[in-house]
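Annotated features, as they stand in TrEMBL:
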{"type": "SIGNAL", "residues": "1-22", "note": "signal peptide"}
{"type": "DISULFID", "residues": "Cys30-Cys109", "note": "disulfide bond"}
Amino acid sequence: MVQATAFLLVLSLALVAPGLSARKSTPLQCVLTGRWVNDLGSNMTIGTLNGKGEFTGSYHTAVTATSNEIRLSPLQGSQHHMNQKSQPTFGFTVNWSFSDSITVFTGQCFIDEDGKEVLKTMWLLRSHVDNLKDDWKATR
């Protein structure tokens with residue numbers, strides 16, 4: 001359980017930690033496209049948005065609760081149209097390549113006081129269980 005807690009903490013910090021972005025943007029415009037890194041070394045890359053606001057990318061976590069080797073995992077998501085402050089809401093799913101679990105994230109891109117882009121998210125992780133009786137412990 002300690003490993004699972006550490007894994008969940010790292011996932012939450014991956015996009016929630018202040019000062020997460022390793023890049024600067026022009027003031028009042030928050031752009032998801034690019035590489036994002038957290039303080040623990042997890043990173044994700046979001047590709048260019050299509051005309052519908054959809055995107056794909058990859059996520060590489062720095063730690064895991066499994067004994068499996070960590071591998072780059074695909075992500076796909078959608079951004080809501082930009083609001084007047086250009087701080088869009090978004091959501092994406094990561095299909096972990098090295099475990100039987102999937103995580104969904106939802107959040108918003110902000111510009112902080114220093115003009116830096118910051119992602120704030122909430123997430124749910126769903127792990128595989130063998131039967132319906134164990135469903136209660138599959139979502140965190």
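Each Cβ is built from the backbone N, Cα and C atoms, and glycine gets one as well.
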Please work out the number of neighbouring Cβ atoms within 10 Å of the Cβ of Cys30 (disulfide bond), leaving out its own Cβ.
24
How many other Cβ atoms sit within 10 Å of the Cβ of Cys109 (disulfide bond)?
24
